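Below is one structure, written out as structure tokens, with a few remarks after it.
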Amino acid sequence: MKENDHLNSVSSSEIEKCDEDVEEELYSYPDSDFLVTFNGEDDPEKPLNWPVSIKLLNTALYGLTTFAAQFNSTTMSPTTSHLVNAYPIGHEVAVLPTCLYILGIAFGPMIFAPFSEVNGRKIGVLVPFFLSILFTIGTASSDSVAAIMCTRFFAGLFAGAPVVSSGGVMADLWCPAQRGTALIFYAFFVVSGADFGPIISSLVTEHSDTAWRWPLWTIVIIECFILTLDVFLIKETFGPVILATKAKNLRLTTKNWGLHAAHDEYRLDFKEFVTLHLVRPFAMLATPIVFFIAMFASYVYGILYLVLTTIPYTFGMTKNWQGTISTLPMIAMFTGVVIGGSFNIMWNQRYAKLITANGGKPLPEQRLPLMMAVGWLMPAGIFVFAWTNSPNIHWIAPFIGISMMGAGFFVIFQGCLNYLVDTFTKFAASAIAANTFTRSIFAGTFPLFSEIMFKKLGVHWGGSLVGFIALGMIPIPFIFYMMGDKLRRKNRFIKLIT
């Protein structure tokens, strides 16, 4: 009996020792042996090394998705009179569907930036885009003013995902020397969507005073077509998620359950969400650099939407243009944007050489000379538009003014964005979120008073008021060109939030 007890004791000890040996052996391997990474900088699975054709396809598809989201932002601007005819509301209420959509976009970065970082660009953009389509269908099917307003806000909120997160795709796909040009072409999609929305909308509503739903169904069809292309043709571009998917496939094929990617260990908790994505963007607005640059970019963005939503009204006042013809000046705006984009592309080539000479380190202040040289076109164009928009002056004159506005707008807007990214490289997402929030607030509120302003002051002085404020902001890039580096080094608050 004692011998059996002794044998049992020995067996138990040996088993425990064996378990300890196995455990020690199992955990003695370094974590790097189980960590899935890219196979060097030249790994073909890395998005930066994809064929140019694949990069261009993904850039174009994300650009089209953003085009549709921006198209939706202005698609209801020509339908204000139709809403007044359909419901017992005034003009101020009828313009709210456009404003609420843009205000919804203002809050998108706070939600969808972390969502795309956890789930990847494709899911992080396409799922909210699909939900935006559903809410747009809800607007088109609404029978009450309250339902229209509510669904428009949420359509804009979810549309904030492609508007904001798609920019990160450019960073995934293109190296720094190419990224500036890629971002310019991407920005063309952003602005052209807002430009062409009213034109198409006025076409489909021209022959009916109550057909305010038709533009919404039109954009739903366009968005569904683009979403279908996205689902089948877009590839995931976010490196950490690509590696997590690769690790999952390797675990299934090798049965080695220890294989994992660094992204598998990432968990976004509530505290991190609040600190990084809610508090930091607003905290950054308290710094002089972010505040004044964001205000400059936001004001010109607000002017863009002010012009886009009131151009038909102003040309109706001065030249009695009605329907689709009253929206054609928006083509002049897009022409100006293309010209401004050409300036940006040429300057980016010089900037790339400066970065190379500086050892690859960003030079934020070198983003500003183009704004200093061309930014004056924005206020100058506003004055030309305002004072040549008269019955006795040929229409080409205000069109030239609108094109000047478009060129100046694009140079300022893109320059401000690039300056913030170069200044806060590590926390560029927060800087962009702060900029997106403020610009959407401006764009969402300017249309509320624009028509009333032109009605009370007239086209000449109403436009001049906007132009004088824009003129007062022209010194901003000059100030930061001379003092930007000094402000960054002396501002303790920047160090605190970064």
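Even glycines carry a Cβ here, placed using N, Cα and C.
As recorded in Swiss-Prot:
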- 93-113: transmembrane segment (TRANSMEM)
- 123-143: transmembrane segment (TRANSMEM)
- 153-173: transmembrane segment (TRANSMEM)
- 180-200: transmembrane segment (TRANSMEM)
- 214-234: transmembrane segment (TRANSMEM)
- 288-308: transmembrane segment (TRANSMEM)
- 327-347: transmembrane segment (TRANSMEM)
- 368-388: transmembrane segment (TRANSMEM)
- 393-413: transmembrane segment (TRANSMEM)
- 427-449: transmembrane segment (TRANSMEM)
- 461-481: transmembrane segment (TRANSMEM)
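Long-range contacts of the transmembrane segment (123-143) within the same chain, counting only residues at least 6 positions beyond its ends with a Cβ under 8 Å from a Cβ of the stretch, are 62, 65, 68-69, 72, 97, 108, 112, 115-117, 151-152, 154-162, 165-166, 213, 216-217, 219-220, 223-224, 227, 230-231, 234.
Long-range contacts of the transmembrane segment (327-347) within the same chain, counting only residues at least 6 positions beyond its ends with a Cβ under 8 Å from a Cβ of the stretch, are 78, 180-181, 184-185, 187-188, 191-192, 195-196, 198-199, 202, 304, 307-308, 311-312, 315, 369-370, 374, 377, 381, 398-400, 402-411, 414-415. Taking residue pairs at least 6 apart in sequence, the transmembrane segment (153-173) and the transmembrane segment (288-308) share fewer than three C-beta contacts under 8 angstroms. Taking every listed stretch (93-113, 153-173, 180-200, 214-234, 461-481) in turn, the largest tally of C-beta pairs under 8 A with the transmembrane segment (427-449) is reached by 93-113. For the transmembrane segment (461-481), the list of distant contacts is 289, 292-293, 295-296, 299-300, 303, 306, 314, 365, 368-369, 371-372, 375-376, 378-379, 382-383, 385-387, 389, 415, 419, 453-454, 487: same-chain residues at least six beyond its ends, Cβ to Cβ under 8 Å. Panel annotation: around the transmembrane segment (214-234), residues 57-58, 61-62, 64-65, 68, 71-72, 75-76, 78-79, 122, 125-126, 129-130, 132-133, 136-137, 139-140, 197, 200-201, 204-205, 208 of the same chain, lying at least six beyond its termini, place a Cβ under 8 Å from a Cβ of the stretch.
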